[in-house]
Every structure is written in C-alpha cells, then in structure tokens.
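Asks: What TrEMBL lists as domain 'Transcription regulator PadR N-terminal' is A:7-79. Positions annotated as domain 'Transcription regulator PadR C-terminal' by TrEMBL: A:92-179.
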There are 2 protein chains.
Amino acid sequence: MALEHAILVSLLEKPGSGYELARRFERSIGYFWTATHQQIYRVLKRMEGDGWIDVREVPQQGRPDKKEYSVAGPGRAALSGWLHEPIEPESVRHDLAVKIRGAAFDDPAALIREVERHHRAHSDRLAHYLAGELRDFTGPEAPAAPGDAGQELQHVVLRGGIAYERMTIAWLDDVLATLHRLRAGH
Amino acid sequence: MALEHAILVSLLEKPGSGYELARRFERSIGYFWTATHQQIYRVLKRMEGDGWIDVREVPQQGRPDKKEYSVAGPGRAALSGWLHEPIEPESVRHDLAVKIRGAAFDDPAALIREVERHHRAHSDRLAHYLAGELRDFTGPEAPAAPGDAGQELQHVVLRGGIAYERMTIAWLDDVLATLHRLRAGH
DNA sequence: TCCTGCTATGCAACTCGTTTCATATACAAG
DNA sequence: CTTGTATATGAAACGAGTTGCATAGCAGGA
C-alpha cells in the first residue's frame, strides 16, 4: 500500500485536513495517485493511531471546524524506510486497450466515439498540466530559485505527466486512424 | 470490473485453460491488464456459473488434464454490452512519482539506483515489445493480410505499449538528469 | 528414492478500494 | 424559509485483488 506514503508526502509538502487532502487528490498528487475521501479518512485514522501523524483541532469561522494533520517523527521514519525500499515497476490497467482488442469481435467503428471522448479528456488534462507548469515553474511568476530540491522534483514529476498525456494523445490519434481505416476497408 | 472482459477477449482470441490464461496475463494481454491465477480461476468459475463460457475437459499426456474454456453466447453478448458502454479514462497509480516527490524530504541521490532499475526494466520491456512486433506484424514472417481487423487492432495496442515504454524511458532519463543535478548542486 | 520443477487447480483469509448513506455547519440565492 | 452548494467528517457494506497455503500429476536428475 502506498496511499499512506502519498499522504505523508502531501502532508510534508503542506499540513492539512482530510478534506483538503481529498481535494489535493483530485488535482496535483491525484494525477499520480487517486483516492476517495473515504479511504483518506480511514488511513488518516490508522496513521494517527500508529503515531505517524499529529492532529490539531482548528476552529474556523464561516465553515465547520477541521482537524489539521501534520507528519510526526515515526511517520517521517516510515516514509524514509519506504523510499529506500525497491518497488516493482507498476502493473498497468488499460481498459481501453482491452476494449480495442475486444472490438475485433464486435463493431470496431462503434469505438470511434469512445476513443474521441478519451482523446478530449487527455487533451484537457494536458492543457491543465501545461497551465500549471507555466504558473508554478516556467512562467514569470514562478519562484526564481532553481536550487530548491522540492521545486525541481515536483517539476520533473509534472514533466512526466505532460509527456504521458502527449504520448497518449498521439497514440489515440493512431487508434482513430486505424479504426477509420478498418471502416473504410470494411 | 474489467477482468472478466479481458478474459473474454483472450478466450475469443484463443480458447484455453485457467493456467494458460494466467500465462497470457504474464505476457501479451498482461501488459495492459494484470491478474494472478487466483483471480482468474475465481472469475472463470463465476463466468461458467453465469453461462458466459463453456468448459471442456481435455485429457493430456505427460501432464495433468486441463479444463479448456471457450466463450458462449451470453459471454459474447456481455462483452458486446461492455464495449458499447463508455468507460472513464483510467486513474493512474505511479508509485515512482510519489517516491520522487517524497525524495525532497530525504536524500534525492538515494533514488538514483532505484530509477536506474526502473529504466532497465522498461528498456527490457521495450525490447520485448519490439521483438514481438517484428515477429507478428512487421517482419518477413508476419501474415501478409493487412485487412484482418484483429491483427490491425492487436498491432495498434502493441504500438501503444511501445510508445508508452519509449516515453517512460525518456522521462526516466530526465529524472536521472534532475537527480544528478541536485546532487551536484548539493 | 527423494528432490526439484513445471503443469494444473483451488480454498481461505486478508487487505485495499469503492459505493452508498448519514450527519452537521454555514453561506448564498430565490 | 427553503433549496442548493461548499465545507467537513464518518459508518457500513460490498467488491476487487493479493498472499499464503494445499493438492496432485508427471518428468528428470542426484
């Protein structure tokens, strides 16, 4: 399980409540690791029980109070331990690839709309990444200190996301061309 | 759940036993959808109970007998139904990306070996894909009929795998350069 | 003969993750 | 003053996936 580690990283970058973490997992970190608020609250409970994180009740005005979590010593140690362990290169799950191979036994042309939908979704995500890169790293407002390890590492992860989306979009173009070719040659 | 659909596709491409499916999920299909033999046997049982697939006891010599499964009418209909349903663009889980961001709170240089390991794994997989492409699609032994939808679709999925590995390798080069730069600038 | 290894199938227990439902505060729009 | 939306937390049930264990046929080698 790496959700706890993803949460530790996020809390180290900035302490926050379960709710705030859930929002971060919809953006930023969430592009590389997904989680629902349910999972997050449950894991936060466990980590608190294990002494990995500290809680602080924060009264708020204009909205319900929250519990702000921050990483404690044992949590930092656990993260460090995990960082030094080797992990297996990820096992992928591409529904769409299964669908494409399955289309050989159905109507390939029926997939065109679906593939176009994915194409749009990935284009949107790419645009979102590029906007974030301009805002946080390469734009005029970006911090001018290039020596900050955290900045550099967040940027290289973001560049990975950008490369992934570009590759995927190019591949979906290839898929669409193939589907159209199959339809033309029926 | 798409495991049942991945199994249906694989059985349509070629009927086989649970054991054979498990092996296919270590190669071929497995590059786009992973599954252990446990899961496969369990799902096969359920699908058989639901009448999606037929079983045939196949006596073998020199090895234990096996049960060969093939897709039945209802299974084909279920697959077709799934193919026409829209699916959400996949949610990714990149342990390595989490590790890289986490390295900001530890020693970034300690990640170099890990990243190099992943680099090798992806290079191996790329070489494997390219060999498969040469064997099955672009080599002199490849079937000369380019009109076969199944062939075309398997090839475009494989091209996706190749593009993914190339992109990942290039990104890991970027990551390594970044880690070395951070170490140099201590 | 025993041990190793590959083929072949499966149960049981557990962990991880999703879905559904429930609760409460607060502000804004109608 | 009701409805909708955003913040904030959580229980309970279910489904998906992993890990460990068990069994058994058959082959080849020490």
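Numbers here mean position along the shown chain, with the first residue as 1.
Positions of Cβ are set from backbone N, Cα and C atoms, glycine also.
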Asks: Mind tallying the domain 'Transcription regulator PadR C-terminal' (A:92-179) by DSSP state, helix then strand then coil?
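Replies: Taking each residue of the domain 'Transcription regulator PadR C-terminal' (A:92-179) in turn, the totals are 73 helix, 1 strand, 14 coil.
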Asks: Average the per-residue pLDDT over the domain 'Transcription regulator PadR N-terminal' (A:7-79) and send me the rounded value.
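Replies: Averaging the confidence scores along the domain 'Transcription regulator PadR N-terminal' (A:7-79) gives 94.
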Asks: With DSSP helix as H/G/I and strand as E/B, how many residues of the domain 'Transcription regulator PadR N-terminal' (A:7-79) fall in helix, strand and coil?
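Replies: Tallying H, G and I as helix, E and B as strand, the rest coil: 38 helix, 14 strand, 21 coil.
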